[in-house]
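Please read the structure below before turning to the comments.
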Amino acid sequence: MKEQFEQLTTILGKVNDLQKAAAILQWDQQTYMPPAGVEARAMQLATLEQLAHHTFVSEEVGQLLENLHPLLQSEAPDSDTACLIRLATREYEKASKISPALIATLARKTALAHNAWEKAREEKDFSQFRGILSELIELLRQKAEQLGYTEHIYDALLDLYEPEMTTRDVENIFHRLKHAVLPMIQEIAQRPDALCDDVLNQAYDREVQWDFGIEVLKQIGYDFDRGRQDTAAHPFTVSFSPHDVRITTRLNPNMFASAFFSSVHEGGHALYEQGLPLALSRTLLCEGASMAVHESQSRFWENVIGRSRPFWTCFFPRLQTMFPKQLEGATVEQIYQAVNVVRPDYIRVEADELTYNLHIFIRFELETALISGAVGVKELPQLWNHKMETYLGITPPNDALGVLQDVHWSAGLFGYFPTYTLGNVLSLQFNACLRRDIPDCDEQIARGEFSRILHWLRDKIHIHGSKFPPAELVRRVTGTQIDPQAYIDYLQTKYGELYGFTLPENDLTVEKS
């Protein structure tokens, strides 16, 4: 058994190496690759992904997993060995259902789609992206059919990012959040001048913004000996190993908050990746538990920490030193209020903490309709604008500020968007547990001490990698299932104080299909 287990881990290591090599090419494409390289890059990625898929779904891997199955009875259920066999079996069964030709075609088309999206976005013209998006959606339908599903075709794609979560589960959680968030937004709309963000609405030098972001990332624990930051059209994080985790941001001299919170958000992802167990490197277990758990880490650092009063008590003096002209006479309270102003925005990544979820509701509703065939790609810009008007009361003036703003669809990431809001929910469930264990958490943040917070996250979440399904990990950390109540309470308390309103308690419950 030991020899066969070593054979399995050797093959899985090769698959991992091929996937990480592809990830390096994808990182390069989004950061430094010249535009003319896209056709060759598409073929390179297709070759690597096809090789990885072929190696993983080989008869040898299937036979090894079958032979090792008895270890699930003899090994402790939460041992690395049992967890790896269980997860590898699950992933093998899924991957075996997808044809190698479809894998290669998707890899090639997504590489081409990225450049088509960038060009269409630059020219604010959805029609330049519509054709290849239609092709991608058809390919994703094929992928979903090959994977199989019980109730909704979207379930098959959602499961790729959030294992065991269904479309109905997401709908139930989102329904509860809508009923909690929309009344808050209505209350705030009656107080448009309650908070002021003028302090942020001025020019901030790009290079100094960059330096401030780097300082904050270092202080919260991002290890630059094992990472780096670059710029990209759409911020992202990529990990090649726990010793090489890279982030990107985008800088705008007139949008300090956008660049800063992009860095902190991606830094949260990177802290998770740098905290994964080194002993499990090159295996399926050296990954995040799910994208919602991953987003819980990025949203925790970006919002729960980064938009808190204690955080700016710590960092405002340094920011004021770096931008003396812009922040002359400003106070901690002013900057705290400024980064928490609620105002509908066209762009998801620049949305405030409260309206952000409405952007996710829009994308989830459109994705499920597109994948099911209920709507066509040609209708997408109009449907997008209609939902923006319905949810946020604003209509994008062009496609770049509307349907073309996100990179995800060009990458074929249908099923990913719900994990952002699910991550928001989990971030506050984890935060409640963290604060029970670290009662003086706010005082530590105000002093710029983040090591105990990061250690708690490492001990409770990061160190487990993907040993446990996300629902089990959530139960291990919180003692319960995913539940938006802590998130709702947080939003009502925080924004009720900032804007001066009180709402009745929300008594909706989460249904689990």
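The backbone N, Cα and C atoms fix where each Cβ goes, and this holds for glycine too.
Residues His265, His269 are given by TrEMBL as Zn(2+) binders; from Glu215, Glu295, that same site also lists Glu295. There are 24 other Cβ atoms within 10 Å of the Cβ belonging to His269 (Zn(2+) binding site).
Neighbours of Glu295 (Zn(2+) binding site), defined as other CB atoms within 10 A of its CB across all chains, total 29.
Listed in chain order, the extra residues whose Cβ falls within 8 Å of the Cβ center of the Zn(2+) site residues His265, His269, Glu295 are Thr237, Glu266, Gly268, His294, Gln297, Ser298, Arg299, Trp301, Glu302, Gly423.
Around the Cβ of Glu266 (active site, proton donor/acceptor), the number of neighbouring Cβ atoms within 10 Å comes to 27.
Within 10 Å of the C-beta of His265 (Zn(2+) binding site) there are 24 other C-beta atoms, taking all protein chains into account.
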